[in-house]
Structure formats: structure tokens, C-alpha cells
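Q: I grabbed these lines from Swiss-Prot:
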type	residues	note
BINDING	S17, N18, S19, M99, W100, N101, L102, S143, R144, G145, G146	FMN binding site
Amino acid sequence: MAKVLYITAHPFNELVSNSMAAGKAFIETYQQQHPDDEVKHIDLFETYIPVIDKDVLTGWGKMSNGETLTDDEQMKVSRLSDILEEFLSADKYVFVTPMWNLSFPPVVKAYIDAISIAGKTFKYSAEGPQGLLTDKKVLHIQSRGGYYTEGPAADFEMGDRYLRTIMTFLGVPSYETIIIEGHNAEPHKTEEIKATSINNAEKLATTF
């Protein structure tokens, strides 16, 4: 039995968002095809994720030295630890994001910062950093209004590229994508684009 974290980063649901519609189709099909697997939904817009600030950095330093943390430091450090441990407990991750300003919503970066921890998801060695998530799988579903997979705007895309890079850095050997794009560039194709993405999501769910 595998554990899947379904990690969404959109303020709207599948009735408004193409990425959320594809994500919903994926998860529903996945659960039908893998009834024994556990799926947990993490809505990053409804989840408290402390940013790495002065309290967190000071708290980590105090922990290393065996010193007492303030209440704020302890609260933030403990919450980040809980997020990390939940992430480590899973076998597969499904990220659902929109493209915002060539990347993704800031809550995704906050989440990535929470799970990118030396000694837990990667380690330092004489040969350089080494990823520790060598038995995990990732799927990224992202919706973009324009075309960024290829063409003149391809070099501007930094959301999926960053997520793929950080997951590779953390050692993840399997990274797949469902990219939904062009519905703003060609509004007359909106329904066709959405239907294709849902179909692709349902197909991938059977083998993921």
C-alpha cells in the first residue's frame, strides 16, 4: 500500500481552475485503480506553513546548541518539522499549481522550503549534495494561459522547471507532468484543452 500526498496550490476549485479539474480527475481515477492506497489532500492555501524567518533560523540554531526556544520559535520550528515528517512518510506526490508570473503561487515555495532540509531530504558529501528521496515519485499538474512548453516564451517558464530541479536535487527518480496551456492565448479552444487534460490525467492515474 502506497501513501500519496495530493498537494494543491490554487485558491479556487475544479469548477474554476483547469489544473484543479485535471487534478480531481487524476485523484478520482487513481483511487479507483489503487483502492488500497492512502491519499491525503494538502491544500496549501488552507495550511499554515511558517516561512523561514528570524524565529525559525534562531530556533534551529538554539536546538543545535541545546538552548531553550521562545514560544514563537518553538511553534514555528515544530510546525515545520511536522510538515517535513508528513512529506517523508509518503511514497508519491501530486502537485497541482497554476502558473503565476511565470512560476507558481508563493505557498508552493514555502512548502518546498519546509521539506528541503539537509540530513532529511538531502545530504552533503565530499562529492557534493546528494538527494535522499530515491524511492519517491512526483507528478506536477500545471495550468498556463499561454504557451510555455515550446516557442519564444519557453525560456521564461520557471515553475515546473524549478519544481523538477528541486525534486531532482532531492533525489526523486521519477518526475512526470501534465501541462495544460493555451486557453487564454486561444480562448476558442478552452473546452478542448480542458477535456484533453482531464483525459491525460485519467490515463496517467492508472500507471502512476
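Backbone N, Cα and C atoms are what each Cβ position is placed from, and that goes for glycine too.
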Q: Please state whether DSSP places L102 (FMN binding site) in a helix, a strand or coil.
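A: In three-state terms, L102 (FMN binding site) counts as coil.
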Q: For W100 (FMN binding site), which residues of its chain lie six or more apart in sequence with Cβ-Cβ distance below 8 Å?
A: G159
Q: I'd like to know which of the binding-site residues S17, S19 has the most other Cβ atoms within 10 Å of its Cβ.
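A: When each Cβ's neighbours within 10 Å are tallied, S19 leads.
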Q: Please classify the secondary structure at R144 (FMN binding site) using three-state DSSP.
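A: Strand, per DSSP.
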Q: For a quick check of understanding: among the binding-site residues L102, R144, G146, which residue's Cβ has the most other Cβ atoms within 10 Å?
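A: Answer returned by the neighbour count: R144.
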Q: Looking only at DSSP and grouping its letters into three states, which state does S19 (FMN binding site) belong to?
A: helix
Q: If you measure every Cα to Cα pair among S17, N18, S19, M99, W100, N101, L102, S143, R144, G145, G146, the residues listed for FMN, what is the largest value in Å?
A: 17
